[in-house]
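Chemist: My questions all concern the structure below.
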Amino acid sequence: MRAHLITYGCQMNEYDTHLVESQLVSFGADIVSSVDEADFVLINTCAVRGKPVDKVRSLLGDLRKQKAQRPLVVGMMGCLAQLEEGQQIARKFEVDVLLGPGSLLDIGKALETNERFWGLQFKDELHGHIPPPPQGKLQAHLTIMRGCDHHCTYCIVPTTRGPQVSRHPDDILRELDLLLAAGVQEVTLLGQNVNAYGVDQGARLAGYPSFANLLRLVGRSGIRRVKFTTSHPMNFTEDVAAAMAETPAVCEYVHLPVQSGSNRVLRRMAREYTREKYLSHIAEIRRHLPDVVLATDIIVGFPGETEEDFQETLSLYDEVGYDAAYMFIYSARPGTPSYKHFADLPREVKTERLQRLIAKQKEWSARKNAAKVGTIQEVLLRGDAHDAHFLEGHTRGNHPTVVPKAAGASGPGIYRARIEHATPHMLYGRLIGEDGQDLPELPRFNPEAAGLSHPLQMV
């Protein structure tokens, strides 16, 4: 079998794709890089917004045409597969294999049968499963929990991924040991609400540490860098900020979604906190981590959002001064309370507000990134940038960074760089040695001769 996997959505989907891919390899499958090479195509889907659902529909339409011309098995997994909406799509486009987020380990059973296979149960065996580590990568994801116990009115995740189930700490640490042995230097702990780790359906689990203490455990493992996502403000405790401050491996980066700056909108979203409570968390974080890099999620145009509500979101952005933000127009998802009970705003209103928020974000990102010029940053470089004479990666604070290759630093690794230029979306620097001096840059070839039409410029 030649299998090709396509992933839409979040980092948890990326982790799940790796899990299923490793299962396929264990069954003897070859993983190929394109649909044309494959006789089995598996799509890992996202259902949080309408746009990725539309992409899946389009892709399945193309694959159905290919099925009419050659032997091809088509599978769909992930959040959309768990929904009636996704199951209707699967029927329409003649999908052969359908796996929900809780039935990923059924992939072998699905491929053994000669008829259509649907696996949509939430199975306990998934939580103890430890996939083999990715090979040749410095970064890896590590799922510490699945599902969510919150019920935000706009969110389909509790339906698609089920109630929260925390993985046993022994399984987490065993998987971490495998990642370390494979050369991973940065791990991101994943969950819908990592701060609630160890408290499932409101009950503290015996033998499970708090998330703050899990951070301390992971930070003492020998891993070079630790990050985590996503956090819910309702469950963020000051002890998490304290654990970050006292654990050198944990990066000074917090992604804390706010969604709106208006208490009225937050109530309609059922977010369970107020603007004031959220700002108190920000103050706690900065008390322990004065140089913390802060990112957030914001939904624009939630049903009933007035111009006054939106102005409160803009003012919150200024009050916090985020380094980065993931900003989205509200997307009504069938099956959610907001879809059932609230009337949507006109598309043009939502789009105009999003443009104003993006302008605000660019202003703050430019200001924050400019402050990094002249500083020394630890950067994890993944590999070649668009111009192969440069390396790309990110700082401990998740800033995308580009540097020219230098003697002793021409490939992936963690290095130190002096930042010399910044844009709202990128830092540019030069690699330095332990003595603080610039490392000699490697000779550069003519970009045209190398076939590079858009070399990155260091300015």
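Cβ coordinates are placed from backbone N, Cα and C, and glycine is handled just like the others.
So Swiss-Prot lists these for the protein:
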BINDING   Cys10, Cys46, Cys79  [4Fe-4S] cluster 1 binding site
BINDING   Cys148, Cys152, Cys155  [4Fe-4S] cluster 2 binding site
DOMAIN    1-116  domain 'MTTase N-terminal'
DOMAIN    134-367  domain 'Radical SAM core'
DOMAIN    370-433  domain 'TRAM'
Chemist: What's the CA to CA span in angstrom from Cys155 ([4Fe-4S] cluster 2 binding site) over to Cys79 ([4Fe-4S] cluster 1 binding site)?
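Modeler: Computed Cα spacing between Cys155 ([4Fe-4S] cluster 2 binding site) and Cys79 ([4Fe-4S] cluster 1 binding site) is 12 Å.
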Chemist: Need one number: mean pLDDT over the domain 'MTTase N-terminal' (1-116).
Modeler: 95
Chemist: Is it possible to get the count of other C-beta atoms within 10 angstroms of the C-beta of Cys152 ([4Fe-4S] cluster 2 binding site)?
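Modeler: Its Cβ has 21 other Cβ atoms within 10 Å.
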Chemist: Residues with Cβ closer than 8 Å to the Cβ of Cys148 ([4Fe-4S] cluster 2 binding site), same chain and 6+ apart in sequence?
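Modeler: Long-range Cβ contacts: Cys155, Val157, Pro158, Arg161, Pro163, Gln164, Gln192, Asn193.
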Chemist: Given a 10 Å Cβ-Cβ cut-off, pick out the one of the binding-site residues Cys10, Cys46, Cys79, Cys155 that has the most other Cβ atoms nearby.
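Modeler: Comparing the binding-site residues Cys10, Cys46, Cys79, Cys155, the most crowded Cβ belongs to Cys79.
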Chemist: Report the residues of the chain - excluding Cys148, Cys152, Cys155 - with C-beta within 8 Å of the mean position of the site's C-beta atoms, for the recorded [4Fe-4S] cluster 2 site, in sequence order.
Modeler: His150, His151, Tyr154, Ile156, Val157, Pro158, Gln192
Chemist: Do you know the DSSP helix, strand and coil residue counts for the domain 'MTTase N-terminal' (1-116)?
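Modeler: Its residues fall into 56 helix, 23 strand, 37 coil.
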